[in-house]
Amino acid sequence: MSAALLIDILLWGSVLGVGLIAFRRGPTVFKASLREGAMDFINIVPRIALGVIGSGYIAAIIPQEVITGWLGPDSGWLGVASAVVAGAATPGGPVIGFSIGTVALKSGGGVPQVVAYVVAWALFAFQRVILWEIPFMPARFVWFRCAVSVPFPFVAAAIAMVIGKP
Amino acid sequence: MSEPSPNNPAPAEDAESEPRPGRVRKPIGWSTIIIAVLVAVSAALVWRRDGTEGVLDILTHDLSLFSGILPRVLAGCLLGALISEILPHEKVSRSLGPKSGLMGLLIGTAFGAILPGGPFTAYPVASALLAVGADFGATIAMVVSWTLIGYGRAVAWEIPIMGTDFTLWRILISLPLPVLAGALGRFVYVRLYPKPAAEDDET
């Protein structure tokens, strides 16, 4: 709870700070950007609604065992590849993603595979992409960003293999 | 019947039809349609498995989640709009634009790493940067940096759950990735869209 409060304070503090700068540029600039922000908000609410409600249903049909299965004991690059798929397909928020990673580490999953999983989750977790990235960013950017990011969980795993365990 | 067929977002979307300079919002693109279909199929599967009650359970849970998120979304939208208003456009396109080189990627990376808040700030701000002249490369560096080396999620979730050692080590490994992703993004973008096409006729 306190973490959430801290986030809200930081967030609205930043809005206030940037708002103050805009206000000192003149009330017209300030009003225009407030109006623009409000319009963005109104435009985005339906998409966020679809994302929030939708990802709940998508998450409900992906059982967690499937994810942990993908993050199984396969070692080597095949294991890295299936860890990447698991990261992208993991439903839910950071608690679930990191918990699955921890369980995999403790139950003998390879470190490079877990790194690939965590990095892939950070880059591609479908729920974040659907819920946040697509509503806020131009769709063309999102797909482009995802496509360009594909090699990087593998790069992270390769670095992990080279420099060894933590 | 499974009632939560995706609440068709089409009408509200194109309420304002005159495009604002730089910020292009597709009224309803393929992404929205794909997601809506995915949601409808998933909801139908949940309904078949758990009945109407299961569908309603998820709906009420997600609606309460949604109402909790809304104020933050508003804050993120305001932040994005204010930032795109106060940032000098020529300066942004010089330091984050297509010709900004390695420096632009590094600035994007640093910006993503220090940005406070969660996805409700990162994406509106990234969208604002894109609107005021940052190129795909620098924006990719920023988004990837926020998600991989930003301190917010690491402090709030990763360290408590995965431990400090793993987290710091994972961040160390991730350090070069935003710049590499941005560079790859630029490399591909220039070849995919060879002409410096006018941004405004992208529908």
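Cβ coordinates come from backbone N, Cα and C, glycine included.
Pulled from TrEMBL, these are the features on record:
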- B:1-23: region 'Disordered' (REGION)
- B:28-49: transmembrane segment (TRANSMEM)
- B:69-88: transmembrane segment (TRANSMEM)
- B:100-119: transmembrane segment (TRANSMEM)
- B:125-148: transmembrane segment (TRANSMEM)
- B:168-189: transmembrane segment (TRANSMEM)
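Listed stretches B:69-88, B:100-119, B:125-148 were compared with the transmembrane segment (B:168-189); the greatest number of C-beta pairs under 8 angstroms is found for B:125-148. Residues 22-23, 117-118, 120-121, 123-125, 127-129, 131-132 of the same chain sit 6 or more residues outside the transmembrane segment (B:69-88) yet have a Cβ under 8 Å from a Cβ within it.
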